[in-house]
Amino acid sequence: MICQCIMPDEMSRPLIQGRGEGGSSRHLEATMSDPATPVVGILGTGDFSRSLASRLVASGYQVVVGSRTPKRSVALFPEEAEVASQMEAASQADLVFVAVFPEHHSTLVDLRPALAGKTLVDVSNSLHINQKGPSNAEQLANLFPESSVVKGFNTLSAWTLQVGPRDGSRQVFLCSDSPTAKSSVAQLCRRMGFIPVDMGLLSASLEIENIPLYLFPSWRIPILCTVSLFIFFYLYNATRDVLQPYTTVGKSVFYKLPIETVNVTLPSVALVMLALVYLPGLCAASLQLWSGTKYNRFPNWLDRWLTRRKQFGLCCFLCAVLHAIYSLCLPMRKSARLKLLSTAFKQMKEGKEELWVDEEVWRMELYVSVGIMAFGLLSLLAVTSLPSVANTINWREFTFIQSTLGYCALFMATLHTVLFGWNRAFDPGQYRYYLPPTFLLVLILPLVVLLGRIALFLPCVALRLKQIRRGWERSRHIRFILPDNDNRNGLEDVSNV
């Protein structure tokens, strides 16, 4: 059929922009002449309705738009779409999109006889997250008991419908009490280039309506941790490096607050956040070893922590990027140039001709080199966490990058911090206000994680953990060995189960 032949090409090129384009009337005649093409109605003339009508026309559907003022709205839609009264649209259409605000659903009650036995697609959203119900779709179903209501398309924006599914979200969540109606809308989704996701009965519509209203639900704890750590380390560094010289010797170095103090704080936050990415995995392994089974549920706090490791890692990467930018800007400051000239002049005045110190030179060279490698590994972890990249690699490759290279990044970042501190931990002058240097506080958690990972590498621990993750349970007295070519699927004997 004509619509089946043109559909792929239509999905790959821009939508119809308006009336007067060459060939549009011929396309309308060809589409209308095809009796197998269903008629899709749209009640409403807003931005979403116009984008939906254009996408439906581009997908080969006959579209009739119902408006209270057809003559005024006809210029807003492509020529292929017919603009009529709401009653005419409801009577002609086989499937109707209800694209009006939910508070205006009651104004459509007069269309009840014309919509009886037809499928209604509710695309509305609420203004606030609704946890109690009923949903907009359920209220619409109560208004039109003789129609089959399907909830869907509310997670798509008008922009996504305009530019096509390649540049926006491809998933369309659907739910309905009528399997037939839901199937017809799912077929329409596929023909438009989207991927329908069956969410079950209409009772799931409340959750579907809440999806566009959530504001980074999985990012709240990672962002809160990042901000809290930044505030703590910033105040800690400001107290030691700025406030202490001012209160003890009257030296004003408040100019350090905007750049230097922030630049010392950012890597501290980044390293702690990176350690928090891998710490929950160690906690989960420890719980499995302690309980002797993998079938016990983790505590809720650990479960939420495990599911937010990606967000923790991306917050860590953000701090690392900002630290790199701040570090590159350090020599540009006038205070840095003046300090360098003052130091050089002072040494010349004291008659020091040899300024080269091998230990300091080597420390700085290693410090910068290790920092660059750590940043490169962090960049690789961040890139592979993107869904478009993660979908191109298999699970073993993804695990190798996120786990093995992730621990390498943690080790390199820890070494970077150690080289920064060098021997300052043994200098009494570094303990201002009896507070230890910042890098000593920062190193605690990463070293705990690295030592815990080394402990899991011990053969006795690694073998038992591998057995547990393959189904061995200590409480059931299963004699279990890892599979090889000489045993039966890893089970040597099963007894007392």
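Each Cβ is built from the backbone N, Cα and C atoms, and glycine gets one as well.
TrEMBL: automatically predicted annotations, no manual curation.
Now, the feature entries from TrEMBL:
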DOMAIN    40-125  domain 'Pyrroline-5-carboxylate reductase catalytic N-terminal'
TRANSMEM  219-236  transmembrane segment
DOMAIN    268-402  domain 'Ferric oxidoreductase'
TRANSMEM  269-291  transmembrane segment
TRANSMEM  312-333  transmembrane segment
TRANSMEM  366-386  transmembrane segment
TRANSMEM  398-419  transmembrane segment
TRANSMEM  439-465  transmembrane segment
Residue numbers, six or more beyond the limits of the transmembrane segment (219-236), whose CB comes under 8 Å of its CB atoms: 261-262, 264-266, 268-269, 272-273, 276, 304-305, 308, 311-312, 314-315, 318-319, 435, 438, 441-442
Chain residues outside the transmembrane segment (398-419) and at least six past its termini with a C-beta under 8 angstroms from it: 267, 270-271, 274-275, 277-278, 313, 363, 366-367, 370-371, 373-374, 377-378, 380-381, 384-385, 390, 439, 442-443, 446-447, 449-450, 453
Averaged pLDDT score, the domain 'Pyrroline-5-carboxylate reductase catalytic N-terminal' (40-125): 94
Remote residues contacting the transmembrane segment (312-333) - C-beta distance under 8 A, at least 6 residues beyond either end: 222-223, 225-226, 230, 259-260, 262-263, 266-267, 269-271, 273-274, 276-277, 374-375, 378-379, 381-382, 385, 406
Helix, strand and coil totals (DSSP H, G, I; E, B; other) for the domain 'Ferric oxidoreductase' (268-402): 111 helix, 0 strand, 24 coil
